[in-house]
Amino acid sequence: MSLLTGNSHSLSEEEIDEYSDGTVKLRNSNIELMDQDILYHLALGSESHDLVEMFGDVKFVCMGGTPKRMENFAHFIMEDIGYKLPAGTQLQDISAYSYRYSMYKVGPVLCVSHGMGTPSVSILMHEMIKLMYHAKCKDPVFIRIGTCGGIGVEGGTVIITEDALDGQLRNSHEFTILGQTIHRPAKLDKKLARELKSLSSADDPYDTIIGKTLCTNDFYEGQGRLDGAFCEFSENDKMAYLEKLQEHGVVNIEMESTIFAALTHHAGIKAAVVCVALLNRLNGDQVNAPKEVMHEWQQRPQILVSRYIRKILAQHGQLKSLFGHQGSIKSPRRFKLVQQESQAHE
(Lines of atoms letter the chains of each structure in order from A and count residues from 1; the text may use other names and numbers.)
(Lines give C-alpha, C1' and ligand atoms only; values in the text may rest on other atoms or scores of the structure.)
Protein backbone atom coordinates (compact mmCIF):
# COMPACT_ATOMS: atom_id res chain seq x y z
CA MET A 1 0.00 0.00 0.00
CA SER A 2 1.26 3.47 -0.83
CA LEU A 3 -0.15 6.40 1.05
CA LEU A 4 1.16 8.75 -1.61
CA THR A 5 -1.51 7.72 -4.10
CA GLY A 6 -4.38 8.36 -1.70
CA ASN A 7 -5.80 4.95 -2.55
CA SER A 8 -5.02 1.33 -1.74
CA HIS A 9 -4.84 -1.29 -4.45
CA SER A 10 -6.66 -4.58 -4.75
CA LEU A 11 -4.73 -7.83 -4.52
CA SER A 12 -2.38 -8.37 -7.46
CA GLU A 13 -1.99 -11.78 -9.14
CA GLU A 14 1.30 -12.25 -7.28
CA GLU A 15 -0.34 -11.43 -3.97
CA ILE A 16 -3.25 -13.76 -4.69
CA ASP A 17 -0.76 -16.57 -5.35
CA GLU A 18 0.59 -16.04 -1.82
CA TYR A 19 -2.84 -17.01 -0.48
CA SER A 20 -3.00 -20.24 -2.50
CA ASP A 21 -2.29 -22.44 0.53
CA GLY A 22 -5.35 -21.01 2.29
CA THR A 23 -3.51 -19.46 5.23
CA VAL A 24 -4.16 -15.86 6.22
CA LYS A 25 -1.35 -13.47 5.36
CA LEU A 26 -0.63 -10.14 7.04
CA ARG A 27 0.46 -6.96 5.28
CA ASN A 28 2.79 -6.05 8.15
CA SER A 29 6.39 -7.24 8.34
CA ASN A 30 6.76 -5.73 11.83
CA ILE A 31 4.79 -8.57 13.43
CA GLU A 32 7.57 -11.10 12.89
CA LEU A 33 10.08 -8.81 14.62
CA MET A 34 8.07 -8.68 17.86
CA ASP A 35 8.89 -10.82 20.90
CA GLN A 36 5.17 -11.38 21.32
CA ASP A 37 2.13 -10.08 19.50
CA ILE A 38 -0.40 -9.21 22.20
CA LEU A 39 -4.00 -9.07 21.02
CA TYR A 40 -4.95 -6.57 23.72
CA HIS A 41 -8.68 -6.51 23.13
CA LEU A 42 -9.01 -10.29 23.02
CA ALA A 43 -6.75 -11.02 26.03
CA LEU A 44 -4.64 -13.37 23.90
CA GLY A 45 -0.97 -13.42 22.92
CA SER A 46 1.10 -15.22 20.30
CA GLU A 47 3.55 -16.58 22.91
CA SER A 48 1.39 -16.72 26.03
CA HIS A 49 -1.16 -18.99 24.38
CA ASP A 50 -0.87 -21.94 22.01
CA LEU A 51 -3.01 -20.25 19.37
CA VAL A 52 -2.56 -23.07 16.85
CA GLU A 53 -3.88 -25.58 19.39
CA MET A 54 -6.69 -23.29 20.46
CA PHE A 55 -7.87 -21.96 17.10
CA GLY A 56 -6.11 -23.85 14.31
CA ASP A 57 -9.30 -25.74 13.35
CA VAL A 58 -11.45 -22.60 12.97
CA LYS A 59 -13.25 -22.43 9.62
CA PHE A 60 -16.03 -19.95 10.39
CA VAL A 61 -15.75 -16.64 12.27
CA CYS A 62 -19.21 -15.29 13.04
CA MET A 63 -19.48 -11.78 14.43
CA GLY A 64 -22.33 -9.75 15.89
CA GLY A 65 -22.81 -6.59 17.87
CA THR A 66 -23.51 -7.65 21.43
CA PRO A 67 -21.89 -10.25 23.71
CA LYS A 68 -25.28 -11.74 24.55
CA ARG A 69 -26.22 -12.20 20.90
CA MET A 70 -23.03 -14.08 20.18
CA GLU A 71 -23.32 -16.19 23.31
CA ASN A 72 -26.82 -17.14 22.20
CA PHE A 73 -25.53 -17.92 18.72
CA ALA A 74 -22.76 -20.09 20.17
CA HIS A 75 -25.33 -22.21 22.01
CA PHE A 76 -27.56 -22.26 18.93
CA ILE A 77 -24.83 -23.41 16.54
CA MET A 78 -23.55 -25.96 19.06
CA GLU A 79 -26.94 -27.67 19.07
CA ASP A 80 -27.49 -27.25 15.34
CA ILE A 81 -24.23 -28.90 14.25
CA GLY A 82 -24.32 -31.52 17.00
CA TYR A 83 -21.13 -30.32 18.67
CA LYS A 84 -20.38 -31.94 22.03
CA LEU A 85 -18.27 -30.38 24.77
CA PRO A 86 -16.12 -32.65 26.93
CA ALA A 87 -17.96 -34.00 29.97
CA GLY A 88 -18.07 -31.55 32.85
CA THR A 89 -17.28 -28.48 30.73
CA GLN A 90 -19.34 -25.59 29.42
CA LEU A 91 -18.93 -22.79 26.91
CA GLN A 92 -16.57 -20.13 28.22
CA ASP A 93 -15.92 -16.55 27.15
CA ILE A 94 -12.33 -16.88 25.93
CA SER A 95 -11.82 -13.10 25.97
CA ALA A 96 -13.44 -12.46 29.35
CA TYR A 97 -10.28 -10.79 30.67
CA SER A 98 -10.42 -8.12 27.98
CA TYR A 99 -13.76 -6.70 29.23
CA ARG A 100 -14.43 -5.44 25.68
CA TYR A 101 -15.37 -8.27 23.35
CA SER A 102 -16.68 -11.75 24.01
CA MET A 103 -15.55 -14.88 22.19
CA TYR A 104 -16.95 -18.41 22.23
CA LYS A 105 -15.51 -21.36 20.32
CA VAL A 106 -17.76 -24.17 19.13
CA GLY A 107 -15.44 -26.53 17.28
CA PRO A 108 -14.69 -24.92 13.91
CA VAL A 109 -17.00 -21.97 14.65
CA LEU A 110 -15.75 -18.87 16.46
CA CYS A 111 -18.49 -16.56 17.76
CA VAL A 112 -17.28 -13.04 18.57
CA SER A 113 -18.99 -9.78 19.54
CA HIS A 114 -17.74 -6.67 17.73
CA GLY A 115 -19.54 -3.80 19.44
CA MET A 116 -21.27 -0.98 17.56
CA GLY A 117 -19.90 1.11 14.73
CA THR A 118 -16.86 1.04 12.47
CA PRO A 119 -14.18 1.99 15.06
CA SER A 120 -15.11 -0.90 17.34
CA VAL A 121 -15.28 -3.33 14.41
CA SER A 122 -11.92 -2.08 13.07
CA ILE A 123 -10.12 -2.86 16.33
CA LEU A 124 -11.60 -6.33 16.50
CA MET A 125 -10.95 -7.08 12.82
CA HIS A 126 -7.23 -6.27 13.07
CA GLU A 127 -6.87 -8.66 16.00
CA MET A 128 -9.10 -11.37 14.51
CA ILE A 129 -7.12 -11.35 11.27
CA LYS A 130 -3.89 -11.58 13.26
CA LEU A 131 -5.40 -14.39 15.34
CA MET A 132 -6.17 -16.35 12.17
CA TYR A 133 -2.59 -15.77 11.04
CA HIS A 134 -0.98 -16.91 14.30
CA ALA A 135 -3.32 -19.91 14.51
CA LYS A 136 -2.42 -20.92 10.94
CA CYS A 137 -6.10 -21.20 10.03
CA LYS A 138 -6.80 -22.16 6.43
CA ASP A 139 -9.55 -20.58 4.33
CA PRO A 140 -11.58 -19.10 7.20
CA VAL A 141 -14.91 -17.53 6.28
CA PHE A 142 -15.98 -14.38 8.14
CA ILE A 143 -19.71 -13.64 8.48
CA ARG A 144 -21.24 -10.65 10.22
CA ILE A 145 -24.67 -11.34 11.74
CA GLY A 146 -26.56 -8.19 12.64
CA THR A 147 -29.62 -6.00 12.70
CA CYS A 148 -30.44 -3.03 10.49
CA GLY A 149 -33.08 -0.62 9.33
CA GLY A 150 -34.77 -1.63 6.10
CA ILE A 151 -35.56 0.68 3.20
CA GLY A 152 -38.69 -0.45 1.44
CA VAL A 153 -38.60 -3.84 3.18
CA GLU A 154 -40.61 -4.84 6.19
CA GLY A 155 -39.35 -5.74 9.65
CA GLY A 156 -38.22 -9.35 9.88
CA THR A 157 -36.77 -9.45 6.35
CA VAL A 158 -33.34 -11.09 6.16
CA ILE A 159 -30.90 -9.09 4.01
CA ILE A 160 -27.65 -10.38 2.54
CA THR A 161 -25.32 -7.56 1.57
CA GLU A 162 -24.25 -7.43 -2.06
CA ASP A 163 -22.27 -4.19 -1.89
CA ALA A 164 -21.36 -2.14 1.19
CA LEU A 165 -21.61 1.61 0.54
CA ASP A 166 -20.45 4.56 2.64
CA GLY A 167 -22.42 7.75 3.30
CA GLN A 168 -21.51 9.08 -0.15
CA LEU A 169 -22.60 5.83 -1.81
CA ARG A 170 -19.03 4.74 -2.53
CA ASN A 171 -18.24 1.02 -2.44
CA SER A 172 -15.22 1.63 -0.22
CA HIS A 173 -14.14 2.57 3.28
CA GLU A 174 -12.26 5.80 3.92
CA PHE A 175 -9.21 5.71 6.19
CA THR A 176 -6.98 8.52 7.44
CA ILE A 177 -3.48 7.06 7.90
CA LEU A 178 -0.50 9.25 8.80
CA GLY A 179 -2.63 12.27 7.97
CA GLN A 180 -3.50 11.07 4.49
CA THR A 181 -6.85 9.85 3.20
CA ILE A 182 -7.02 6.50 1.45
CA HIS A 183 -9.87 4.31 0.27
CA ARG A 184 -9.95 0.54 0.43
CA PRO A 185 -12.53 -1.40 -1.61
CA ALA A 186 -15.39 -2.64 0.58
CA LYS A 187 -15.83 -5.86 -1.35
CA LEU A 188 -17.71 -8.90 -0.09
CA ASP A 189 -17.75 -12.33 -1.72
CA LYS A 190 -20.70 -12.30 -4.14
CA LYS A 191 -20.53 -16.06 -4.68
CA LEU A 192 -20.87 -16.56 -0.92
CA ALA A 193 -23.80 -14.13 -0.87
CA ARG A 194 -25.56 -16.14 -3.59
CA GLU A 195 -24.83 -19.40 -1.77
CA LEU A 196 -26.35 -18.01 1.41
CA LYS A 197 -29.40 -16.81 -0.53
CA SER A 198 -29.83 -20.30 -2.03
CA LEU A 199 -30.18 -21.69 1.48
CA SER A 200 -33.31 -19.67 2.20
CA SER A 201 -36.40 -21.86 2.15
CA ALA A 202 -39.83 -21.41 0.63
CA ASP A 203 -41.12 -22.58 4.01
CA ASP A 204 -39.49 -19.65 5.82
CA PRO A 205 -42.26 -17.30 7.02
CA TYR A 206 -40.21 -14.28 5.88
CA ASP A 207 -38.32 -13.01 2.86
CA THR A 208 -34.56 -13.33 2.34
CA ILE A 209 -33.14 -10.88 -0.19
CA ILE A 210 -29.81 -9.62 -1.55
CA GLY A 211 -29.16 -5.90 -1.90
CA LYS A 212 -26.90 -2.96 -1.27
CA THR A 213 -26.21 -1.84 2.29
CA LEU A 214 -25.52 1.72 3.42
CA CYS A 215 -22.99 1.95 6.27
CA THR A 216 -23.11 5.16 8.30
CA ASN A 217 -20.89 6.65 11.00
CA ASP A 218 -23.68 7.23 13.49
CA PHE A 219 -27.16 6.06 14.39
CA TYR A 220 -29.09 9.32 14.26
CA GLU A 221 -28.21 12.19 11.90
CA GLY A 222 -26.11 10.00 9.61
CA GLN A 223 -29.11 7.73 9.07
CA GLY A 224 -31.53 10.60 8.56
CA ARG A 225 -33.40 10.05 11.81
CA LEU A 226 -35.68 12.75 13.17
CA ASP A 227 -35.41 11.61 16.81
CA GLY A 228 -31.81 12.41 17.74
CA ALA A 229 -30.61 15.15 20.10
CA PHE A 230 -30.00 17.25 16.98
CA CYS A 231 -31.90 17.36 13.70
CA GLU A 232 -31.40 20.23 11.26
CA PHE A 233 -33.33 18.79 8.32
CA SER A 234 -37.03 18.32 7.66
CA GLU A 235 -39.05 15.16 7.29
CA ASN A 236 -39.34 15.94 3.58
CA ASP A 237 -35.53 16.13 3.37
CA LYS A 238 -35.27 12.77 5.12
CA MET A 239 -37.80 11.08 2.85
CA ALA A 240 -36.13 12.46 -0.28
CA TYR A 241 -32.81 11.02 0.93
CA LEU A 242 -34.26 7.59 1.72
CA GLU A 243 -35.99 7.51 -1.67
CA LYS A 244 -32.67 8.38 -3.32
CA LEU A 245 -31.05 5.46 -1.50
CA GLN A 246 -33.85 3.16 -2.63
CA GLU A 247 -33.39 4.25 -6.26
CA HIS A 248 -29.70 3.41 -5.90
CA GLY A 249 -30.55 -0.15 -4.87
CA VAL A 250 -29.95 0.29 -1.13
CA VAL A 251 -32.24 -1.95 0.92
CA ASN A 252 -30.88 -1.43 4.43
CA ILE A 253 -28.78 0.79 6.70
CA GLU A 254 -26.35 -0.26 9.43
CA MET A 255 -23.00 0.88 10.88
CA GLU A 256 -20.40 -1.84 10.31
CA SER A 257 -20.42 -3.27 6.78
CA THR A 258 -17.83 -1.09 4.97
CA ILE A 259 -15.04 -1.59 7.52
CA PHE A 260 -15.86 -5.30 7.79
CA ALA A 261 -15.80 -5.69 3.99
CA ALA A 262 -12.70 -3.52 3.46
CA LEU A 263 -10.53 -5.32 6.01
CA THR A 264 -11.57 -8.85 5.06
CA HIS A 265 -10.99 -8.05 1.38
CA HIS A 266 -7.60 -6.49 2.15
CA ALA A 267 -6.66 -9.68 4.01
CA GLY A 268 -7.92 -11.97 1.24
CA ILE A 269 -10.63 -13.46 3.48
CA LYS A 270 -13.99 -14.57 2.09
CA ALA A 271 -16.75 -12.68 3.90
CA ALA A 272 -20.47 -11.95 3.99
CA VAL A 273 -22.91 -9.76 5.92
CA VAL A 274 -26.35 -11.08 6.90
CA CYS A 275 -28.75 -8.81 8.80
CA VAL A 276 -32.40 -8.70 9.72
CA ALA A 277 -34.41 -5.51 9.30
CA LEU A 278 -36.06 -4.32 12.50
CA LEU A 279 -38.29 -1.81 10.71
CA ASN A 280 -38.98 -0.15 7.38
CA ARG A 281 -37.41 3.31 7.63
CA LEU A 282 -39.85 4.65 5.05
CA ASN A 283 -42.52 4.24 7.73
CA GLY A 284 -40.69 5.73 10.72
CA ASP A 285 -37.55 5.92 12.81
CA GLN A 286 -38.29 3.97 15.97
CA VAL A 287 -38.62 0.22 16.43
CA ASN A 288 -42.04 -0.63 17.84
CA ALA A 289 -42.11 -4.42 17.48
CA PRO A 290 -42.73 -6.33 20.74
CA LYS A 291 -39.70 -7.82 22.48
CA GLU A 292 -40.62 -11.42 21.72
CA VAL A 293 -41.06 -10.57 18.02
CA MET A 294 -37.67 -8.82 17.97
CA HIS A 295 -36.05 -11.86 19.55
CA GLU A 296 -37.49 -14.17 16.89
CA TRP A 297 -36.43 -11.80 14.10
CA GLN A 298 -32.85 -11.72 15.37
CA GLN A 299 -32.68 -15.51 15.16
CA ARG A 300 -33.40 -15.47 11.43
CA PRO A 301 -29.89 -14.50 10.21
CA GLN A 302 -28.48 -17.07 12.64
CA ILE A 303 -30.64 -19.78 11.10
CA LEU A 304 -29.43 -18.94 7.59
CA VAL A 305 -25.76 -18.85 8.63
CA SER A 306 -26.19 -22.13 10.50
CA ARG A 307 -27.57 -23.75 7.36
CA TYR A 308 -24.46 -22.65 5.50
CA ILE A 309 -22.11 -23.98 8.19
CA ARG A 310 -23.95 -27.29 8.31
CA LYS A 311 -23.76 -27.59 4.53
CA ILE A 312 -20.00 -26.97 4.39
CA LEU A 313 -19.26 -29.30 7.30
CA ALA A 314 -21.43 -32.02 5.74
CA GLN A 315 -19.61 -31.65 2.41
CA HIS A 316 -16.34 -32.33 4.23
CA GLY A 317 -17.77 -35.17 6.30
CA GLN A 318 -17.19 -33.25 9.53
CA LEU A 319 -20.69 -32.85 10.87
CA LYS A 320 -20.62 -35.90 13.16
CA SER A 321 -16.94 -35.94 14.08
CA LEU A 322 -16.82 -32.81 16.16
CA PHE A 323 -15.59 -33.05 19.73
CA GLY A 324 -14.61 -30.08 21.84
CA HIS A 325 -11.19 -29.41 23.25
CA GLN A 326 -9.92 -26.51 25.28
CA GLY A 327 -6.82 -24.60 24.25
CA SER A 328 -3.68 -24.77 26.33
CA ILE A 329 -1.49 -22.13 27.90
CA LYS A 330 2.08 -22.33 26.62
CA SER A 331 3.56 -19.90 29.14
CA PRO A 332 1.80 -19.11 32.46
CA ARG A 333 4.10 -16.09 32.97
CA ARG A 334 3.30 -14.63 29.55
CA PHE A 335 -0.37 -15.53 30.00
CA LYS A 336 -0.47 -13.38 33.17
CA LEU A 337 1.32 -10.58 31.32
CA VAL A 338 -1.28 -10.63 28.53
CA GLN A 339 -4.09 -10.38 31.09
CA GLN A 340 -2.38 -7.42 32.76
CA GLU A 341 -1.69 -5.68 29.46
CA SER A 342 -5.28 -6.13 28.27
CA GLN A 343 -6.71 -4.80 31.53
CA ALA A 344 -4.36 -1.80 31.38
CA HIS A 345 -5.85 -0.73 28.03
CA GLU A 346 -9.33 0.06 29.32
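Cβ from N, Cα, C; glycine included.
TrEMBL has this to say about the protein:
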type    : residues                               : note
BINDING : Arg100, Arg144, Ile145, Gly146, Thr147 : phosphate binding site
BINDING : Gln223, Arg225                         : substrate binding site
DOMAIN  : 59-310                                 : domain 'Nucleoside phosphorylase'
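A simple way to gauge crowding: the CB of Gly146 (phosphate binding site) has 26 other CB atoms within 10 angstroms, across all the protein chains here. Just so you know, the Cβ of Arg144 (phosphate binding site) picks up 27 other Cβ atoms within 10 Å once every protein chain is counted.
The Cβ of Thr147 (phosphate binding site) lies under 8 Å from the Cβ of Gly65, Glu254, Cys275, Val276, Ala277, Leu278, Trp297, Gln298, each of which sits 6+ residues away along the same chain.
Spacing of Arg144 (phosphate binding site) relative to Gln223 (substrate binding site) is 20 Å (Cα to Cα, whole number). Of all Cα pairs drawn from Arg100, Arg144, Ile145, Gly146, Thr147, which the record names as binding phosphate, the longest spans 20 Å.
Mean pLDDT, taken over the domain 'Nucleoside phosphorylase' (59-310), works out to 96 on the 0 to 100 scale. The binding-site residues recorded for this entry are Arg100, Ile145, Gly146, and the Cα of Gly146 lies nearest to that of Arg225 (substrate binding site). The Cα of Gln223 (substrate binding site) lies closest to that of Gly146, out of the binding-site residues Arg100, Ile145, Gly146. Ile145 (phosphate binding site) counts 24 other C-beta atoms within 10 Å of its own C-beta, drawing on all protein chains shown.
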